[in-house]
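S.K.: Starting off with a structure, shown below.
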Amino acid sequence: MTNLRKTHPLMKIVNSSFIDLPAPSNISSWWNFGSLLGVCLIIQILTGLFLAMHYTSDTMTAFSSVTHICRDVNYGWLIRYLHANGASMFFICLFLHVGRGLYYGSYMFLKTWNIGVLLLFAVMATAFMGYVLPWGQMSFWGATVITNLLSAIPYIGSDLVEWIWGGFSVDKATLTRFFAFHFILPFIIAALAGVHLPFLHETGSNNPSGLSSDADKIPFHPYYTIKDILGVLLLILALTSLVLFSPDLLGDPDKYTPANPLNTPPHIKPEWYFLFAYAILRSIPNKLGGVLALVLSILILAEVPFLHTSKQRSMMFRPFSQCLFWILVADLLTLTWMGGQPVEHPFIIMGQLASILYFLLILVMMPITSLFENNLLKW
C-alpha cells in the first residue's frame, strides 16, 4: 500500500515540500534562515494575536492599554517583549538570509528572488506600522516624519500624505488604520512565503559551490529537518535570553513617554533594523532625492541578478568579490551606526560617504571585479 503522505491531497504537498524534497548534500547552516524566518513569522502572528486581544487603537488609550498588558495581563510583559524582540530576530534572520543569497548567487533564481524582495518590503512596512502602535513619543514622531516623506512626490504628495493620515496630522484615524494594516499584513506575508517556496522548489536549492547538485541529492527529512530544529532551538535560546535578561536593549527610551504633539524628541530615529536606510535618506540634503535613495537602497536588490557578470555563480571561489562583499557588510554596519547618531559633524559627511560607497559597490565595483576575475581565469 502506498504511503498516505504520498497520496493524500494535502499531505502530499507537505511531503513534497518538507519530507521527500531532494536537497543538495552540501548546503551549510547559511541555508537554515528560511526555516527560521518561518518560525519567526509564526511567533509574531501568535504573540501579536494575543496582544491584539488587549490593545485599543485609540490615541487616548493606546499607550495605557500597552501599560495594562505589561502590568495586569497574565504574562502580558512576556508576550509584549517576545513580540517586540521577535521583530528584531526576524530582521536579523532576514538580513542574513539576503546576505547568503548575495554571497552564493541565489539571486539567479529570478522568480524566487523577486518574491523575496517583495517579502522584504512587506515585512518592513509591517514593522514600521507596529512601531507606531504603542503611541509613545517615538511612535508619534516616527509616524509623522516617515509618512511626511511622501509629500516629496510631485503634484500629489501633499494630498497623499493627508489621505494616509486621514486628517491634517497623525491622529486617531492614522492609528486605527495602522493597526488594521499591521494585523492583516503578516497573513499577506505568509501567503507570499507560500508562493516563495514553490518557486524555489521548482528549481531546487542552490548550494555553496554554485554548481548543479542534481547528481548528488539527499532527502530533506531527516537530514535537514534535524539541522533546522537545531537552528530553531538556537533562535529560541537567543530570543528568550534577550527577552528575559535585557528586553529593552534594542529599544528606545522615548517609547516609554506618551505621545505629545507639542514636544519633539531631540533625535527622531526608527528601530535599529531601519537605521541603514534612514542614514541613506538623511545623507541627501534634497527631500525627493533622499526618498528616492531610501527606496532604491532596498529596491537595488531586484537589480542584482542583472548586474551579475561573473561566469561563476557563487563567490566561494572568487576572493576579490569576497573582499567587496565584506566591505559592503562593513559599510551597512557603518550606516546602521550612523543612522542612530545626531545630524552633526562628522556624522553628516561620514553618512554621505558610506551611502555613496553602498551604491558604488553594488552598481559598479562588484560587476567590474567579476569581469576582472573572469579575465584572470581566461574565461
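Cβ coordinates are placed from backbone N, Cα and C, and glycine is handled just like the others.
Reproduced below are the annotations present in Swiss-Prot:
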TRANSMEM  33-53  transmembrane segment
TRANSMEM  77-98  transmembrane segment
BINDING   His83, His182  heme b b562 binding site
BINDING   His97, His196  heme b b566 binding site
TRANSMEM  113-133  transmembrane segment
TRANSMEM  178-198  transmembrane segment
BINDING   His201  ubiquinone binding site
TRANSMEM  226-246  transmembrane segment
TRANSMEM  288-308  transmembrane segment
TRANSMEM  320-340  transmembrane segment
TRANSMEM  347-367  transmembrane segment
S.K.: How about the transmembrane segment (226-246) with the transmembrane segment (77-98) - do they touch, taking at least 3 C-beta pairs under 8 Å (6 or more apart in sequence) as contact?
M.R.: yes
S.K.: Most CB pairs under 8 Å with the transmembrane segment (320-340): which of 33-53, 288-308, 347-367?
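M.R.: Answer is 347-367, with the largest number of Cβ pairs below 8 Å.
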S.K.: Please report the number of other Cβ atoms within 10 Å of the Cβ of His196 (heme b b566 binding site).
M.R.: 21
S.K.: Return the stretch with the most CB pairs under 8 A relative to the transmembrane segment (77-98), choosing among 113-133, 178-198, 347-367.
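M.R.: It is 113-133, which has the most Cβ pairs under 8 Å.
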S.K.: Once near-sequence residues are set aside, which residues in the chain of His182 (heme b b562 binding site), 6 or more away, have Cβ atoms under 8 Å from its Cβ?
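M.R.: Result: Gly48, Thr126, Met129, Gly130, Leu133.
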S.K.: List nothing but the one residue from His83, His97, His201 whose Cβ has the fewest other Cβ atoms within 10 Å; the candidates are the binding-site residues.
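M.R.: Output over binding-site residues His83, His97, His201: least Cβ neighbours within 10 Å is His201.
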S.K.: Could you pull out which residues elsewhere in the chain have a CB under 8 Å from any CB of the transmembrane segment (113-133), counting only those six or more residues past its ends?
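M.R.: Result: 55, 57, 62, 66, 87, 90-91, 94, 98, 101, 106-107, 139-140, 142-143, 146, 174-175, 178-179, 181-182, 185-186, 188-189, 192-193, 195-196, 199, 270-271, 273-274, 298-299, 301-302, 304-305.
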S.K.: Check His196 (heme b b566 binding site) against DSSP and tell me helix, strand or coil, would you?
M.R.: helix
S.K.: Taking only the Cα atoms, work out how far His83 (heme b b562 binding site) lies from His201 (ubiquinone binding site), in Å, as a whole number.
M.R.: 30
S.K.: Whole-number Å distance between the CA of His97 (heme b b566 binding site) and the CA of the residue listed as 'ubiquinone binding site'?
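M.R.: His97 (heme b b566 binding site) to the residue listed as 'ubiquinone binding site', Cα-Cα distance: 17 Å.
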